[in-house]
Amino acid sequence: MFATLAAPQPPLPLDLVAAIQDLKRELNAVILAHYYQDPAIQDVADYIGDSLGLSRQAASTNADVIVFAGVHFMAETAKILNPDKLVLLPDLAAGCSLADSCPADAFAAFKAQYPDHWVISYINCSAEIKALSDIICTSSNAVKIVQQLPPDQPLIFAPDRNLGRYVMAQTGRQMVLWEGSCIVHETFSERRILELKATYPNAQVIAHPECEEAVLRHANFIGSTTALLNYSQTEDCDTFIVVTEPGILHQMQRRNPQKTFIPAPPQDQTCNCNECPFMRLNTLEKLYLCMRDRKPQIELPEDLRLAALKPIQRMLEMS
């Protein structure tokens, strides 16, 4: 008996960027990339944005193939919005600690304890959690959406407790919070940010609302990645301490080459960066290979897709 040998794979092209552009034309593909992706991936993307912007692009694209340079729940959202399109994710292992912190069975049991509550879920969650939700939000529109909901309507906010607390502070609404968090944003160190402020006394601290309250209290500005990017561009300040995943610094520096952007460090003294290990699983090589091989593909059962679609559509309508 002889083992079946795998067919040899063709070598990688010397110019990956040119090869990706050729495949994009061949497939009629669009490359969507999150701000937290590696700069090399951002530079070949057709659109770079935050979760809200990427959702809008996914909903409106005329491309036949969506190549999502991000994490799994983002590619899932693109598939939910585009069931007839081929949606590719360079690395299926690119998950999300926040999405993983909210298992569907545990959340369903949690939701059952509050039968009169509406569920507003942060888009950083699985399709199963979206299907259990009444409306989806992003960090860009969470405050705006909660402000539009009936003031006497009880709410559950999931899965990010830090974003939920921020939304409660901004709106004055009490909400029942699921105790989830992002491993990147919860590990920023208040002490080390204060040390940076002492070193750069004229710098402004700009932070993502997924951070802990102890960190946010030192921020001059709090907002989504797009809001942070816009603020750094328009604010009359030369130096910013950026308290979110450092992939965003690539776009900040491109738009503001004369300004200085300092990535906030985590608590761990051995590292001065706080990169998302899941976002960084995607590489230029994997991007090329997923387009060449038309896989990994994102697939969802139709009943789950339809259930998850409704709260996403509500979000887009209210945004």
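Residue numbers in this text run from 1 along the chain shown.
For all residues, glycine too, the Cβ spot is worked out from N, Cα and C.
The [4Fe-4S] cluster site recorded in Swiss-Prot includes C96, C182, and the single candidate from C276, C290 that the record places there is C276. Per Swiss-Prot, iminosuccinate is bound by S51, Y122, I123, N124, S139, H208, P209, E210, T225; the candidate from H34, H250 named for the same site is H34. Note: the Cα of H34 (iminosuccinate binding site) and the Cα of C182 ([4Fe-4S] cluster binding site) are spaced 16 Å from each other. Taking the C-alpha atom of C96 ([4Fe-4S] cluster binding site) as reference, the shortest distance to any of the binding-site residues Y122, N124, H208, E210 belongs to N124. If you take the Cα of C182 ([4Fe-4S] cluster binding site) and the Cα of H208 (iminosuccinate binding site), they are about 11 angstrom apart, rounded to a whole number.
C182 ([4Fe-4S] cluster binding site) falls within neither a helix nor a strand when secondary structure is assigned with DSSP, and so counts as coil. Straight-line distance linking the Cα atoms of C276 ([4Fe-4S] cluster binding site) and H208 (iminosuccinate binding site), rounded to a whole number, equals 14 Å. The Cβ of Y122 (iminosuccinate binding site) lies under 8 Å from the Cβ of L98, I136, C137, T138, S139, A142, F157, A158, P159, D160, L163, each on the same chain and at least six residues away in sequence.
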